[in-house]
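Report on the structure given below.
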Amino acid sequence: MAASTGYVRLWGAARCWVLRRPMLAAAGGRVPTAAGAWLLRGQRTCDASPPWALWGRGPAIGGQWRGFWEASSRGGGAFSGGEDASEGGAEEGAGGAGGSAGAGEGPVITALTPMTIPDVFPHLPLIAITRNPVFPRFIKIIEVKNKKLVELLRRKVRLAQPYVGVFLKRDDSNESDVVESLDEIYHTGTFAQIHEMQDLGDKLRMIVMGHRRVHISRQLEVEPEEPEAENKHKPRRKSKRGKKEAEDELSARHPAELAMEPTPELPAEVLMVEVENVVHEDFQVTEEVKALTAEIVKTIRDIIALNPLYRESVLQMMQAGQRVVDNPIYLSDMGAALTGAESHELQDVLEETNIPKRLYKALSLLKKEFELSKLQQRLGREVEEKIKQTHRKYLLQEQLKIIKKELGLEKDDKDAIEEKFRERLKELVVPKHVMDVVDEELSKLGLLDNHSSEFNVTRNYLDWLTSIPWGKYSNENLDLARAQAVLEEDHYGMEDVKKRILEFIAVSQLRGSTQGKILCFYGPPGVGKTSIARSIARALNREYFRFSVGGMTDVAEIKGHRRTYVGAMPGKIIQCLKKTKTENPLILIDEVDKIGRGYQGDPSSALLELLDPEQNANFLDHYLDVPVDLSKVLFICTANVTDTIPEPLRDRMEMINVSGYVAQEKLAIAERYLVPQARALCGLDESKAKLSSDVLTLLIKQYCRESGVRNLQKQVEKVLRKSAYKIVSGEAESVEVTPENLQDFVGKPVFTVERMYDVTPPGVVMGLAWTAMGGSTLFVETSLRRPQDKDAKGDKDGSLEVTGQLGEVMKESARIAYTFARAFLMQHAPANDYLVTSHIHLHVPEGATPKDGPSAGCTIVTALLSLAMGRPVRQNLAMTGEVSLTGKILPVGGIKEKTIAAKRAGVTCIVLPAENKKDFYDLAAFITEGLEVHFVEHYREIFDIAFPDEQAEALAVER
């Protein structure tokens, strides 16, 4: 620190700041640096910030520095006056032009000499910034990384032209220092002076201060750099006279002369622009301006009161003098700069030339900032209050816990956990081997730390182990009359299922105890397999639990995970016992025929232990790892088909067929169950919506021919929903659905004809089939593919082509039938060689539907013989049965479904294998009523039925 008569100079690394002695005295002989330290007499500072950057950081001396700097700026040039002014200014100018001599390694910090700001400086380097524009009289730190712009700014500083144009980019996401087009920036910006520049090699960090608003006129080309003087490396020390002449010559040149004229070819990046000063509109200090000014000052003070971030700096700036308040131009800029508004809103204030409008816009932004500050303060108070309450509650709880522990009123956490688990087991009959495990785990729990992972694993294991209802059973209902009433109330038909459940109750009543059973209901969808299980649970007074294994691929879903895994838990069976709180629930395992298989194992194999009455008394779950007795559980499984159920699993279950419904059964179910349920669901009563039996019959016949009643339920609900809409919309007070207006509710009929052929031509025979959806009629068509050529020489053997998306089994059945038909015809009519020499095409209609199975063998033989003889079979005849190569008719399945399908199609005569006689006679009387049935053992019997008028002589007719 060097002192003289009027001034004190603070020496930095590359420049000095000149302060008046009264200011140094006011600071007590010390000066605050930008880093917050104090500079004492005789010390140096390398701080890069000028004194005006310290506004609001120290005592009131900061305001004096600000006022002094403003005064010096208005005075024009370096701090004039005093004997050190010329020398200090010269040395600072040398430092500003040539950088820091002997600064050593590290970044070069250049502090520029304060100089007179030119009123007109049209050619400026362009710096594009984002987010916040620079307002006049405000300082901003800017970093520049673009190499071309860095070189340009270095050259301008060396030429004593530390002026730039700072403009805001339209796109805030653009981080580049330069732009490729003037359209990427707002054309109104700020003329700024570089007060300090820190050269970091690959980038520049500058402190710039805005002075006035400017507007871009056009883009300029960057002028080439002038060659340096030959005596560049000569010593810097010159005579005072030479230095004075150089300064006079430099000051005599107008700054605008240093810029080059633009050329037609402009660079790709905008580095230099021509600007013109923005002139404010003339204004008078009216009452409106005074009111806006006062409101801005009031709002700023309110923001300061709410947000301490603004308090020190803004108070210092406003206390420096009332000149700020009296200057509407500066006040509007300061108000906008204090806000965190959007960039386009701040730019709007910068571009506004009408001072009252600018004041109004600045006031709007300040009001938004004030509301945001109030919201932040409210949220802060709420969070602080919540934290205080939580902390206070925690302290009180800890104190209460200590007091209770001292008085013996509260036990340790581990003791409380052990007491809770033992309390659960008091009323249960726990097996000895399970109780030993519980005692061992409780002892282990007492030795573990409360916060260890093993503690939580052991506690969860004990929680599951003590939640099992050991020895707890629900009181079963053994009253046959009550059970039968419940089953009849919930379901219509299903006599086989009801009879089996009543038998189970009767056996339990005679034995005086109940045992678990494994039943499997299989049949088409929608016949009530799942719902009957719930009714059985209600009839037996057992708890009900259902889970589906359709698509299940993980064995752990059934048998649980090992406790060593994170997040391990028991399987579905143990979860069922915990939920039902009894050891004798009814467990429904749904969709057992659709169980999957994955890399985790085969769940169907895991069910073998579960569904084996000899093994499930000691079922071992992987998680519990103790045997659990499931012998009292009634397991019911459901499936659509039995083919996909593994044979060992099927062997463990008692299979009960739940067949589809005929039209009479569907009508009864709809009237007794579906329509009342749908009315209640739609909020209607019988007087509001009427559905007659004729409507339901037509609905079943033309819309719902499947075996189940699920689709019928949907159609009934659809009719009642539309009825409810008409009533609510005011179209009608009540709705009566008739066969004539049924299409208005459910659309066009889905089924318009009963069967494909009303009269079957030669070569066409009706067969019977059944699928998971129920029974159906199936026509077999045969036709001549290529004419018979009796005069052809060589091989005259015929052929058979089959189509209709047939499976492998059905294709084999067709080949067997073709061979047998040729042999049968050759045996009974040697003269008829039609099948031997002809090329025949066999087709089963509805080719998009896959078909498979052996039961169409006799139907194919009959169709081939009908084609060979050229005579149709008996009308209204349908048949099913597998044929062997010798003509023996083998039994098939699905007799009930096939019989129902035949009756639905209007068939009056059916042919069945003799071994299926018992299945047919098990059917209800209303199903077999009106049917002529023939049980056959050999195809010769079928031939006599299909062609009743044919004699042996007719077979010999040549075609």
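Every residue, even glycine, has its Cβ placed from backbone N, Cα and C.
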Swiss-Prot feature region 'Disordered', matched against 77-102, 779-804, maps to 77-102
Those same-chain residues, other than Gly523, Pro524, Pro525, Gly526, Val527, Gly528, Lys529, Thr530, found with Cβ within 8 Å of the centroid of the ATP-site Cβ atoms are Phe521, Thr638, Asn640, Val658, Ser707, Gly708, Arg710
Once the chains shown are all counted, how many other Cβ atoms turn up within 10 Å of the Cβ of Val527 (ATP binding site)?
27
Among the recorded positions Lys529, Lys898, the one whose Cβ has the most other Cβ atoms within 10 Å is Lys898
Helix, strand or coil for Lys529 (ATP binding site)? Use DSSP.
helix
Ranked by the number of other Cβ atoms within 10 Å of their own Cβ, which of the binding-site residues Gly526, Gly528 ranks first?
Gly528
Using Cβ-Cβ distances, find the residues under 8 Å from Gly523 (ATP binding site) that belong to the same chain and are at least 6 apart in sequence, listing them in sequence order.
Lys529, Asn640, Asn657, Val658, Ser659, Gly660, Ser707
How many neighbouring Cβ atoms, not counting its own, are there within 10 Å of the Cβ of Pro524 (ATP binding site)?
23
Recorded positions listed as Thr530, Ser855, least Cβ neighbours within 10 Å
Thr530
Measuring Cα to Cα, how many angstrom lie between Pro525 (ATP binding site) and Lys898 (active site)?
16
